[in-house]
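Participant: What follows is a single structure, and I will ask about it in a moment.
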């Protein structure tokens, strides 16, 4: 009887947490499919609540449970794709190759998944990678990089870079045109794609990347008070506090000093002034500031906090801070942003940086989109049309290359 009651009690506690928590979140009426989004949020909140209960009982950690739930169910065999799990430079990857004969070499896409550097896997992004491979008739390599907090920065970046290098050096085995290789990622994966692209921009021993595709990327951790961070601070699926939490977990393996980072007291005044030409509300078009932007209240710099987060100023962690000499060499780029996303302005700022340096940019903005919508284009039996539109915009860009 006790064994039966324990799961029921845990479920009841999880549901209570969901019902109590939902009203505190902000789902604006302009969001795509707001009712469905509430259901997805309820699942995530319930997972988090149940994970906390399991951690307190010593059965498993909250992170382990969250990762397990996010795995999703195994998909059926895809008749149009040949799929295999391999290792590139000891990094697990899943390779998707169209079965149909091709009269020419295919484009190759190296995909880095999102999940705040803490979640996500090959299985989590199986649907997305299958869709991209099928619809664009491309070879897709999905990379399973090491996750935080167990593996801190630069582990994820190094895994993505090493897997990319292996693919580019062994490209003849996959029928891919060496002049048509693209790096792609969403959210944290967009951060990793941008960092890898910058690293390879100056390499003369490899063919140059054809393009980079950045889907609502997180590109900086200097300023969590940009307009989109205030406008969308309570909009699922990424809240302002969670954005800082994930960045700190990736950097340090813990989220100490999160409040100071949110307030902006983690960056020295001279450094903030140095990067203001790239990270500033002044560089955000005025039309994006009409929804509830709060003026930033100045906070005192805390040197002790800076010592723990000073690597936030490294471009491999925050690609928006790369020097112009690097940005100038970057390939054609595609950036997708969502209106109801705290990371919207990261994408807008990088778009401006690329354009200022003469890099061709295709920009697609989902007016009704929210963070994470691409991976929800077909979620648990119901769909988010805006996510499908965003995914199709990626496919259309690929076909244009």
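In case you wondered, yes, glycine gets a Cβ from its N, Cα and C as well.
Taken from TrEMBL, the feature signal peptide covers 1-16. Here TrEMBL flags 109-255, 300-374 as domain 'Alpha/beta hydrolase fold-3'. The active site annotation in TrEMBL covers 187, 341, 371.
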Participant: What average pLDDT does the predicted model assign to the domain 'Alpha/beta hydrolase fold-3' (300-374)?
Facilitator: 97
Participant: About how far apart, in whole Å, are the alpha carbons (Cα) of residue 187 (active site) and residue 371 (active site)?
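Facilitator: Cα-Cα, rounded: 8 Å.
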Participant: Sorted by position, what residues of the same chain at least six away from residue 341 (active site) have a C-beta under 8 A from it?
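Facilitator: Correct list: 216, 228, 232, 235, 238, 369, 370, 371.
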Participant: If you draw a 10 Å sphere on the Cβ of residue 187 (active site), how many other Cβ atoms land inside?
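Facilitator: Result for residue 187 (active site): 29 other Cβ atoms within 10 Å.
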